Amino acid sequence: MADFSVFLGFLKQIPRCLSIFFTYLLFLQLWEVNSDKVWVLGPEESILARVGEAVEFPCRLSSYQDAEHMEIRWFRAQVSNVVYLYQEPQGRSSLQMAQFRNRTLFEAYDIAEGSVNLHILKVLPSDEGRYGCRFLSDNFSGEATWELEVAGSGSDPHISLQGFSGEGIQLQCSSSGWYPKPKVQWRGHQGQCLSPESEAITQNAQGLFSLETSVIVRGGAHSNVSCIIQNPLLPQKKEFVIQIADVFLPRMSPWKKAFVGTLVVLPLSLIVLTMLALRYFYKLRSFQEKQVKQGEEVREKLQTELDWRRSEGQAEWRAAQQYAADVTLDPATAHPSLEVSNNGKTVSSRLGVPSIAAGDPQRFSEQTCVLSRERFSSGRHYWEVHVGRRSRWFLGACLESVERSGPARLSPAAGYWVMGLWNRCEYFVLDPHRVALALRVPPRRIGVLLDYEAGKLSFFNVSDGSHIFSFTDTFSGALRAYLRPRAHDGSEHPDPMTICSLPVRGPQVLEENDNDNWLQPYEPLDPAWAVNEAVS
């Protein structure tokens, strides 16, 4: 009887098992369908453009597909507002919005791979808003959208003396050419905020803002006054400082007491006022001459400090060269769009994109980069990379264990210590946020020094021997040199990136010798190259 009860319980469980089995089959089918889905990728974050400059709108398909026969449309706010329309064999301008005519530049270098770019020239404040791009064919339609923010930094503020007002002197600060509406502040010599007497901000036909604001400075209150104007979208501000001697500030109380007397002796009062005015203008002239002299002294001091820092950076670069290492590139890690030379020193972009063997754990599938064969887990190592005249690149070092099957943020938190160039002149690092780098001389060759035990990775401009930037971190694994030539370089035949051959030296300390050419900043040997360097 007990066996019969067990058999009945087994029969009750059969429908439940079948339900789980069919649910599992349906999940596998849905996963297989979604795995082949293609979508459109645009900028991941809002784009900030400056007034009068150009801005780039990149757009691509999530997988390599030929988009040459597709309709590609950039639009504003809605699809019907056409910014640019690509339709084989060439873009059509009849549907283009009037404000964008003769201001767009279409790049189709990688259209066979599903990647295109649109440049909008001479950005205006009215260009601010939401944009998008759409790919359209007989069997596919997809789009991506993003925000464009526009910012304009106006002219340097100017403070003018408007005259005496009540119990003090009235100053006026003016500036123009700002977007969006700027913020303005008056501050005293101790940094305290001063309440403005008046403030007027106007907007011209081009959408740019001009401002005029005034403040009254009273006797004994401030030895100097500054006018500060800041753009809310840019991390910079413009400031003008004027110094006022207390003797020039009117004191109304004694004047009020003497008012009756001046009415009686009006001619004498006029003489006294004339003498005071002459004294005021004489003091003002002396003050201006003193300000000019002080400005020249400050400039000389800053130039001396700059020269000292430059010589200090060159000494650090010279010391780094004694740790020169023979670094070569590993073709097994290179992205399929890159080609590594036979000697392992040069990497360049190739036209065709070969297929990648499935499950290859060494090769990068998304990042167009390549790693070195050498692995560094101790000691100091120095190498140099010739970047030529490329307008975009990244280089540095990364952990050997970084993920290679998808995109990555090139910051120390993800295992990357690199610097980069964007749009020919924007040098920066991610530490962890974007940090802009100011370089006096555009580098054609970058030196990299890795001090593993000290947790330090430094970059040098070999063109003038100056120090650029240093990461300080704690390394937790083997590091490899990292090179990433950007595919969208902006030139038809961009220069390759090359790891330079350096004389490998022992650990001995180099002596200072200004006549040792090997230690001097890098100078090109090709006369034609040298001429181009001078022109640039």
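A Cβ is built for glycine as well, from the same backbone N, Cα and C atoms used for every other residue.
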*Taking CYS173 as one end of a disulfide recorded in Swiss-Prot, give the other end from among CYS59, CYS133, CYS227.*
CYS227
*Looking at the disulfide bonds in Swiss-Prot, identify which of CYS59, CYS193 pairs up with CYS133.*
CYS59
*What counts of helix, strand and coil residues does DSSP assign across the domain 'Ig-like V-type 1' (36-149)?*
9 helix, 56 strand, 49 coil
_If you compare CA-to-CA distances from CYS59 (disulfide bond) to each of the recorded positions ASN139, CYS173, ASN224, CYS227, which comes out shortest?_
ASN139
_CYS227 (disulfide bond) and ASN139 (N-linked glycosylation site), Cα-Cα, nearest whole angstrom_ = 60
*Among the glycosylation sites ASN102, ASN139, ASN224, whose Cβ has the fewest other Cβ atoms within 10 Å?*
ASN139
*Mind giving me a neighbour count for CYS173 (disulfide bond)? Other Cβ atoms within 10 Å of its Cβ, every protein chain shown.*
25
